[in-house]
Amino acid sequence: MFQTEVESRHPSVLSASASQRPSSFTFASQPVHHQEQHPGAQSRLSLARPQPGSNELSHQHSTPTPKLTKRNSLKLVQQVSSSSLLPTNYTRNKTRTSFSQPVQRKKPTTAGSLYQLNFYSFVMVLKDNLMARKGYWLRNGAILAFGLTLLFFVMLPRSQPNLHNNVPIDPMTETAGLGWPKEITSDHCTLPHPGRPLIQYVLMVDAGSSGSRIHAYKFNYCKASPELEHELFEQIKPGLSSYGPDAEGAAQSLDQLLDIAMRTVPKYLHRSTPIAVKATAGLRLLDGDQSHRIIDAVRHRLKTKYPFPIIKEEGVAVMDGGDEGVFAWITVNYLLEKINSSTKEPTVAILDLGGASTQIVFEPKVVNGHSVAQGKQRVPKSFNGNEYVLFQNSYLNYGLIEAGKQINNYLIDNPIPNTHGVQLGQDEYLHPCMPVGSRKDYLHESKTVKLVGVTDPTGECRRVIHAIFYKNRACSQSPCSFNGVYQPSLATAFDSDIYAFSYIFDRISPFRLGSDTATQDLTLQELEELTDRVCVADESDFKEFDTIAEAKSELYSVKEMCMDLTYIYSLLEYGYGIQKDRKINLTKKIKNYETGWCLGASIAVLEDRWFIGA
């Protein structure tokens, strides 16, 4: 058909071409009915050797009448201008030219004419076939892509360790659409809030200066916001910082806690349970290079041995002291239901005393349009549509253990007068915060010295402790607390409750209602009186505590009890400026849940929808 179209429109082209064809080639002149006998002939132009006596090729200048096999797929040629089927170099003029108005052309060679006709016929046949099969290829390509994708997810292991870095996975992604197994239930509902998982676990490891602790929190989503349903708490000693240069040993020390987490969290939820390891003041005090190696070793062990995804926002890191305090504030106010509803209520202040640092966080009243001055101590937060502007500060080296070191170093560098006639040997120093006659070895600047307890300790001990607060140090903005730090006054800018925990609870509670009573209170006046009774001249005078077994045990096991209690009292009254008649709530647990920063950090993970995978 293609050739017939060309012949009818421009006979001169084919005549000239035919006159120069070699005798070895000719167009097949088979009849049309031959097509039914040989269906394969429909797909191509047939070339054959001439037969003897053939009269098919003529040197006359007449229109040749070769017959082409019938081809339905070439019907499209009839609908397209013949000039569009020829290359631009086939004419001298680059513009379109109809065969009905022929132009003078160079006489093509026989081979060239034959090549052009067959080549462009082949192109059009190929085009027709591709267009006809376009839907076929699209459909089969889509099926193949879907099959490969499905195979990938089927072959993917269901409980592999989290080996991929920086994969942003929402903590709830893998649980939101699950059909919940019967063993995973909530004590408060059977169906979750739409778009939420029924149960969500969060693992938080507190790598403190004196030991490491893990909190496994179980939340339900019976409502839109997470509700704490259960907590597992375990701890080990010593802390990560005690391993020093042995980074691998520090990382392996957490296996005991992580194995407990593996058993606590249902296997079904391992890969959707975020984990974080937050080192506090202990690693802050360690050499920077050692601290980084320990953090890297812990992160590597978590990613290669355990399936829990690591929280992306510095999931394994040394936590800033300010974050530690703010998270503790969230914990306490969440458990007291101060920030859980759309109705804003007065919040409470928190005082956290660890081994290496202490934190204070509270929401000051607005005075003259201001509550907290601009700066790093100002922390705006939002819960359930309510805005809170917090004051926070973390005092490094003012935790109970580090403060004790400061006191000892001060007494060695500034020896008190030996007014009691105590016989002192070389490298022996009087210590007014220790029981009379007691002696203790102490490492001071790579040298071991001996500290000796003296009489009449209370007044002298308090004076020495006051000295390490550096109240006279310059402060950039008033009012100030101690060591040159700005702090709104607790006496004038805050009149709500104050909650104290950690070492404050641990040291005082044995002398009150006992450590088994999770929440108890006392005024600073009562704390001062307790301190005076403990800091007696002789251990034999502890008789008044004979009826309190726990107190008696603490007095004999903690030789620094007098110093610890005096420091706590001085921190609250002299350092933070709390009035003596102000009541302090000592607490270890609220509603049977541990206080501290870990729960607040876990709530922040769920509320802020932190991503996972770092």
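Using the three backbone atoms N, Cα and C, a Cβ is placed for every residue, glycine included.
What TrEMBL says about this protein:
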type: REGION; residues: 1-105; note: region 'Disordered'
type: COMPBIAS; residues: 1-10; note: compositional bias 'Basic and acidic residues'
type: COMPBIAS; residues: 14-29; note: compositional bias 'Polar residues'
type: COMPBIAS; residues: 52-66; note: compositional bias 'Polar residues'
type: COMPBIAS; residues: 87-103; note: compositional bias 'Polar residues'
type: TRANSMEM; residues: 136-156; note: transmembrane segment
type: ACT_SITE; residues: GLU324; note: active site, proton acceptor
type: BINDING; residues: GLY355, ALA356, SER357, THR358, GLN359; note: ATP binding site
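For GLY355 (ATP binding site), the Cβ neighbour count at a 10 Å cut-off comes to 23, with all displayed protein chains included. Between the C-alpha atoms of THR358 (ATP binding site) and GLU324 (active site, proton acceptor), the distance comes to 10 Å. Spatial neighbours are here defined as Cα atoms within 10 angstroms of one another, and by that definition the neighbours of GLU324 (active site, proton acceptor) among the binding-site residues GLY355, ALA356, GLN359 are GLN359.
According to DSSP, GLN359 (ATP binding site) is assigned to a strand segment. Taking the Cβ of SER357 (ATP binding site) as reference, residues of its chain lying under 8 Å away and at least six apart in sequence are, in sequence order, THR280, ALA281, ARG284, GLY321, GLU324, SER394, TYR395, LEU396, ASN397, TYR398, GLY399, GLU402. What surrounds the ATP site, by Cβ distance within 8 Å of the Cβ centroid and not counting GLY355, ALA356, SER357, THR358, GLN359, is the set SER209, THR280, ALA281, GLY321, ASP352, LEU353, GLY354, SER394, TYR395, LEU396, TYR398, GLY399, LEU400, GLU402 from the same chain. The DSSP secondary structure for GLU324 (active site, proton acceptor) is helix.
Cβ neighbours of ALA356 (ATP binding site) (same chain, under 8 Å, six or more residues apart in sequence): SER209, THR280, ALA281, GLY282, ARG284, LEU285, LEU396, ASN397, GLY399, ILE401, GLU402. Sequence-distant contacts (6 or more apart, same chain, Cβ under 8 Å) of GLN359 (ATP binding site) comprise GLY321, GLY322, GLU324, GLY325, ALA328, ILE350, LEU351, ASP352, GLN392, ASN393, SER394, TYR395.
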